[in-house]
């Protein structure tokens, strides 16, 4: 009955109601004391005294609030001191939940990082499409025919879509539910497409390194597009049409979310279905495993070459660039536990929000080197 929209966990499922026949009692100068006994080992920062506030939740019968209540702990007991009478309980917040200050800083970091990446990607795509840089005609024609460059551009386009939809997912979470569901589906599709294009980059790199002889795959780029654009889009459209509640308002709870009634949990438009969430994690895990195996193969090849040529610095630049290109930093999502939680969240946010910017800088460096090489060869 007393269940909020966040499916909050109540200690021992105990809810205590205290009332007087005379009516509503609030603003007591001497708070009432309520004790909840338990036989658990609790993290005192995660057990919080709250009361039920009817009609406080948007579109719900009410929600839990910590206003007017203080929490103290004794062995085997949670003691609540409240200045009013109503229904009381002890909420167990998720272990390792972020504080409001941490959530706010991560939100600012992701917003700035995604904005920088989106701007860098847009500039790179425009320069690639409308570049008027003079170069010998054969070199230009070769660049246009080069599948490697085209795959890079497809990956950047997917990341641009991902960054833009992510930036829209928070402000649109306060709007109409249908618009939020569409935004969440777009964000999900762009994430799946970006991961698929990272896998396409790894596959193409593997062909270049291992299959050095003449290889011809008919409609190669078209097949990559069907895999990286078509399959994720088809999966998201199917989920949206046949199970619309897969997408919607996703609330991010904090470790102090119930200690102050004025704190509103952060929300964005994202997946609301646990099966869809775990399926996405498995999909990302398989792609990242494949990409890391390819990256390991590249590192081994570069190490062999380095024995013959002293170019360790260039090799490291290449490996770092491929790390961004193949999205291996997304693997940090699987280390969100224990002492790694807070550092992992910050590293994940910084590195992946700036992934588009890093790829653009790497692409500009590689393109400048190749252009210098073609100019020096022409001068000879």
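Heads up, the Cβ atoms here are built off N, Cα and C, so glycines get one too.
All TrEMBL annotations are machine predictions without curation.
Here TrEMBL flags 1-98 as domain 'GAIN-B'.
The domain 'G-protein coupled receptors family 2 profile 2' annotation in TrEMBL covers 106-367.
Annotated transmembrane segment per TrEMBL: 84-103 (among others), in sequence order.
According to TrEMBL, the transmembrane segment annotation covers 109-130 (among others).
Sequence annotations record features per position, and here TrEMBL assigns transmembrane segment to 151-173 (among others).
The annotation transmembrane segment is assigned in TrEMBL to 185-209 (among others). Beyond the ends of the transmembrane segment (185-209), by six or more residues, the same chain brings 147-148, 151-152, 154-155, 158-159, 161-162, 165-166, 169, 215, 224, 227-229, 231-233, 235-237, 239-240, 247, 269-271, 276, 280, 283-284, 287-288, 290-291, 294-295, 297-298, 301, 322, 325-327, 330 to within a C-beta distance below 8 angstroms of the stretch.
Positions annotated as transmembrane segment by TrEMBL: 221-242 (among others).
For 276-295 (among others), the entry in TrEMBL reads transmembrane segment. Using a Cβ-Cβ cut-off under 8 Å and counting only residues 6 or more beyond its ends in the same chain, the transmembrane segment (276-295) has close neighbours at 188, 191-192, 195-196, 198-199, 201-203, 205-206, 239, 246, 319, 322-323, 326-328, 330-331, 333-334.
Per TrEMBL, transmembrane segment is recorded for 316-339 (among others).
Below 8 angstroms of C-beta separation, residues 98, 102, 106, 109-110, 112-114, 116-118, 120-121, 123-124, 152, 155-156, 159-160, 163, 317, 320-321, 324-325, 327, 329-330, 332-333, 336 of the same chain, each at least six residues beyond the ends of the transmembrane segment (345-364), sit close to that stretch. Annotation source TrEMBL lists transmembrane segment at 345-364 (among others).
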